[in-house]
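Quick look at what TrEMBL lists:
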BINDING   48, 54  NADP(+) binding site
BINDING   125, 126, 127, 238, 239, 278, 293, 294, 295, 296, 297, 319  FMN binding site
């Protein structure tokens with residue numbers, strides 16, 4: 001099974017299954033000499049881990065990271081960093097009723113058709129459980145970018161179902177279960193999610209991810225454009241069905257005189273480009289928006305087929321996120337951090353001192 005590695009200079013390889021003994025990743029290419037310990041990674045994992053509120057899956061995983069290599073006396077050595085997260089609360093019997101049936105909207109069908117193997121235990125390799133190693137790797141990237149390049153990466157939820165969440169302040173993001181930048185709307189979100197959970201259904205969300213203090217010059221022409229790599233990895237995040245950068249799809253209705261960001265001696269006057277022009281960063285904030293689909297594992301009865309192509313009715317009883325978009329916030333931050341760190345190292349290797 002290919003497609004489990006990301007990056008060129010800063011490379012992350014993800015492994016494991018939802019109900020296997022453990023999940024984890026290998027981070028190759030982190031420069032030596034950076035202070036790093038378990039807590040640096042655990043802080044980020046705790047933001048993503050399940051069971052943190054009634055609005056997410058109640059699977060009780062501690063998500064405690066084990067660092068197996070690449071660190072000596074509290075510093076990165078330049079060797080591959082191996083990270084392990086053990087699965088301790090998998091309940092495979094919850095999926096016995098769908099062991100040969102396909103959940104509508106889930107990867108069950110496409111994985112079985114491609115590989116000829118049906119692993120119903122929590123979705124196996126296709127599970128959002130596999131975003132935990134991504135967050136662990138992203139924690140390393142976020143720390144390096146902050147410490148050596150002053151780049152800050154943050155994200156928030158801007159919409160839950162049909163409820164728009166107006167941005168107020170980054171200060172509120174960590175003060176509620178929804179990563180909402182607006183505390184006034186949290187009670188409405190809680191009521192909505194309580195009703196949704198009782199109905200057995202699920203809902204989608206919109207996530208905004210932003211990288212500040214990104215230097216000008218990251219990215220390469222044609223096939224390795226910075227925005228192309230960002231879109232590529234974001235579409236690899238579970239349940240993402242749409243990615244836009246800057247003005248995105250709003251560009252369709254903008255005139256050229258509106259969309260093109262004017263430049264003054266003091267810098268750009270707007271940021272419709274989302275911080276990238278011609279695939280190369282402009283020095284502005286990189287702004288990415290993600291559309292997250294509703295969770296496909298729901299208690300509502302749905303029509304489907306089994307492996308014999310016989311008509312069946314599917315109902316899922318496992319512990320699932322009624323809105324996977326909530327816990328996608330720290331994952332999206334990690335995805336963007338990994339891509340930007342990879343491009344920082346690539347740029348430094350090719351053009352490090354040009355125009356400095």
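Backbone N, Cα and C define each Cβ position, glycine as well.
A TrEMBL annotation is a machine prediction, not a hand-curated record.
Rounded to the nearest whole angstrom, the C-alpha distance between residue 295 (FMN binding site) and residue 48 (NADP(+) binding site) is 16.
Cα-Cα distance from residue 297 (FMN binding site) to residue 48 (NADP(+) binding site): 19 Å (rounded to the nearest whole number). Just so you know, the Cβ of residue 295 (FMN binding site) picks up 23 other Cβ atoms within 10 Å once every protein chain is counted.
Close to residue 239 (FMN binding site) in the fold, though at least 6 residues off in sequence, lie 128, 204, 292, 293, 295, 324, 325, 328, each with a CB less than 8 Å from its CB.
When the neighbouring Cβ atoms lying within 10 Å are counted for each of the binding-site residues (127, 297), the highest count belongs to 297.
Using a 10 Å Cβ-Cβ cutoff, residue 48 (NADP(+) binding site) registers 24 neighbours.
Residue density at residue 125 (FMN binding site): 20 other Cβ atoms are found within 10 A of its Cβ, drawing on all protein chains shown.
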